[in-house]
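Student: Straight from Swiss-Prot, here's the annotation block:
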ACT_SITE  His193  active site, proton acceptor
ACT_SITE  Tyr371  active site, for cyclooxygenase activity
BINDING   Arg106, Tyr341  substrate binding site
BINDING   His374  heme b binding site
DISULFID  Cys21-Cys32  disulfide bond
DISULFID  Cys22-Cys145  disulfide bond
DISULFID  Cys26-Cys42  disulfide bond
DISULFID  Cys44-Cys54  disulfide bond
DISULFID  Cys555-Cys561  disulfide bond
DOMAIN    18-55  domain 'EGF-like'
CARBOHYD  Asn53  N-linked glycosylation site
CARBOHYD  Asn130  N-linked glycosylation site
CARBOHYD  Asn396  N-linked glycosylation site
CARBOHYD  Asn580  N-linked glycosylation site
MOD_RES   Cys526  S-nitrosocysteine
SITE      Ser516  site 'Aspirin-acetylated serine'
Amino acid sequence: MLARAGLLCASLSPPHAANPCCSNPCQNQGVCMSIGFDQYMCDCSRTGFYGENCSTPEFLTRVKLLLKPTPNTVHYILTHFKGVWNIVNKIPFLADVIMKYVRTSRSHCIEPPPTYNVHYAYKSWEAFSNLSYYTRALPPVADDCPTPMGVKGKKELPDSKEIVEKFLLRRKFIPDPQGTNMMFAFFAQHFTHQFFKTDHKRGPGFTKGLGHGVDLSHVYGETLDRQHKLRLFKDGKMKYQVIDGEVYPPTVKDTQVEMIYPPHVPEHLRFAVGQEVFGLVPGLMMYATIWLREHNRVCDVLKQEQGEWDDERLFRRSRLILIGETIKIVIEDYVRHLSGYHFSLKFDPELLFNQQFQYQNRIAAEFNTLYHWHPLLPDTLQIDDQEYNFQQFVYNNSILLEHGLTQFGESFSRQIAGRVAGGRNVPAAVQQEQRASIDQSRQMKYQSLNEYRKRFSVKPYASFEELTGEKEMAGELKALYQDIDAMELYPALLVEKPRPDAIFGETMVEIGAPFSLKGLMGNPICSPDYWKPSHFGGEVGFKIINTASIQSLICNNVKGCPFTAFSVQDPQLTKTVTINGSSSHSGLDDINPTVLLKERSTEL
């Protein structure tokens, strides 16, 4: 009888209130800690703010905020006044001061050690020490919050299929006004697959890329066993084969390395490289081949200079050199193109030697998610005088052999890529991948777009119209999400209004840039103990790094030294649509190469 009375009382008692931290009351990176079931406390330690919700700035913080320009103002200054920047670029001292500020201001947004992960919304030793997790910039939304975004918005998020079809799917190809080309698009995909290696068997919050940065595991393999299978063990070189007088990767049969190929791909076209998914498209295999050639070329240079070195030292030093080349190309060619700055970004690790800087990195799940730049893809790929749709291009290394690297480089440098921001520019062939990106973001319980904007010191949007810069999509988004503070991160990045004549909107840049620069400059080779000629084979190896560029990489390894850049050189191409709209390729809906990719190991 007493037990029944107890149960009755329990059923009549009011339920516990929602977790008080669900409303994200603590501002300016203050840490919310619940007290009991209905109260909270904000820890404002070292935020520069105080008060119940860490919303009142200290004196020095107030001064800094008054003097600090908005991100859009900084972007405007750096992308205009070309004559002034040409002068600045020629004054080393002044250029170094600005470059140091760019690096530190961005990198300090990502302070090590890592903080949260998909399972821990609070600091824990597991979140710090377990390298198999992606870290997180913001903790996941708590399970006991009333809505998926905390307290704002509806209790259920809209169907991801509806989001993709209404706001993301391409109606007509929109070229990137910055002139980004397919040489850039495939470089981005190839480069990032060394650290974006989601372990889908364990879930989207886990990674197989335990190096968490630029380690060139996509060239050499993630494990020592894979690396050994790819090595020649002579003069430091990697295995290769010669076809029609040119060097290409060895085959799976010759190396016994696991690669992902469908059964119909013949043995002689099953090339084996460091990253198991690079057989997906010839654009990835193009860069895999270029870096294979570069490694063996550097080995020859070091062998000539250091004849007494054995195979192991030649291999290890060459790998360090290629890591350095990669970082330099990414900063000075890749990031500079994306930024659109007239200021010349420079790779010089010594600029940070007198700064407080930690040479370590942990890849964040949000960084992985925001890098899903599928709008870059055109509806067809043009190589020389031939046009290939997705069905013809995927898992078809014969195209690489047919055209050769020279034609690939020339053609991809000429073909413009799509604009990423602005919405409605994702090709039909990868729409399922877009759904997967949204669904996995929900599985990892990302906080809202505005919470991420606040985390990276960007003013939150006040309305959907402010987000999109127009009325149609804004109205439809409001009907689905109800509140701008409930807008999801990933779809928002793709529908956000682009900056003027730019590929991205504000949020993509302000979140992505800190992750990128911290990952690049936090590499061990950039540290004072590593950054010495003696660790790279002397002055000869050091010079290879310090003179590297995308053009020199191609010239040193591709016959004829074709002109190469990350943007098309004809300005008219950035103003006109050059590729057919997706409606003419609606039959591609049934092919989904990126889902094949996801099922095995990684993301496009």
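Each Cβ is built from the backbone N, Cα and C atoms, and glycine gets one as well.
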Student: By CA-CA distance, flag whichever of Asn130, His193, His374 among the recorded positions is nearest to Cys145 (disulfide bond).
Tutor: Asn130
Student: Just the number: how many Å between the Cα atoms of the residue listed as 'heme b binding site' and His193 (active site, proton acceptor)?
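Tutor: That comes out at 15 Å between the alpha carbons.
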Student: What three-state secondary structure does DSSP assign to Cys555 (disulfide bond)?
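Tutor: It is helical.
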Student: Express the distance between the Cα positions of the residue listed as 'active site, for cyclooxygenase activity' and Asn53 (N-linked glycosylation site) as a whole number of Å.
Tutor: 32
Student: Give the distance between the Cα atoms of Cys561 (disulfide bond) and Tyr341 (substrate binding site), rounded to the nearest whole Å.
Tutor: 27
Student: Taking the Cβ of Arg106 (substrate binding site) as reference, which residues of that chain separated by at least 6 in sequence fall under 8 Å from it?
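Tutor: Sequence-distant Cβ neighbours: Ala513, Pro514, Ser516, Leu517, Lys518.
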Student: Under DSSP, is Asn130 (N-linked glycosylation site) part of a helix or a strand, or is it coil?
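Tutor: Asn130 (N-linked glycosylation site) sits in coil per DSSP, no helix or strand.
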Student: If we count other C-beta atoms within 10 Å, could you say which of the recorded positions His193, His374 has the fewest?
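Tutor: Among the recorded positions His193, His374, the lowest count of other Cβ atoms within 10 Å belongs to His374.
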Student: Taking 10 A as the limit, how many CB atoms besides its own sit near the CB of Cys561 (disulfide bond)?
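Tutor: Taking every protein chain into account, the count is 14.
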Student: Could you check what DSSP calls Cys42 (disulfide bond) once collapsed to helix, strand or coil?
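Tutor: DSSP call for Cys42 (disulfide bond): strand.
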